[in-house]
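Pulled from Swiss-Prot, these are the features on record:
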BINDING   67, 70  Na(+) binding site
TRANSMEM  3-23  transmembrane segment
TRANSMEM  31-51  transmembrane segment
TRANSMEM  57-77  transmembrane segment
TRANSMEM  92-112  transmembrane segment
């Protein structure tokens, strides 16, 4: 249980830090862009972690960290906000590239370590 608590807290702090840095240093950056990068990189890291066995506690710590780092709920909120603002094409593109990008990110991470 402690691994889950620590991992989730670390992941949430990392997500906050990446989002803040993205907004501060990115050219015309939007939070949506930071969420996209966070989710794709988180999937790639998860693929890397799961490609080969790790000690149980370490694996649980990393999976919990990535659960706190990635943010499916914010992704959904942003996609629905685009849809609500009648930016339907942008919403669909965001949905597709996020889902496909996350799948390919996971495969990339898996293949790097496998």
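From the backbone N, Cα and C atoms, a Cβ is placed for every residue, glycine too.
Around residue 67 (Na(+) binding site), the same-chain residues six or more apart in sequence whose CB sits under 8 Å from its CB are 7, 8, 11, listed in sequence order. Scored by C-beta pairs under 8 angstroms, the transmembrane segment (31-51) has its highest count with 92-112, from the stretches 3-23, 57-77, 92-112. Other Cβ atoms within 10 Å of the Cβ of residue 70 (Na(+) binding site), summed over all protein chains shown, number 22. In the three-state DSSP classification, residue 70 (Na(+) binding site) falls within coil.
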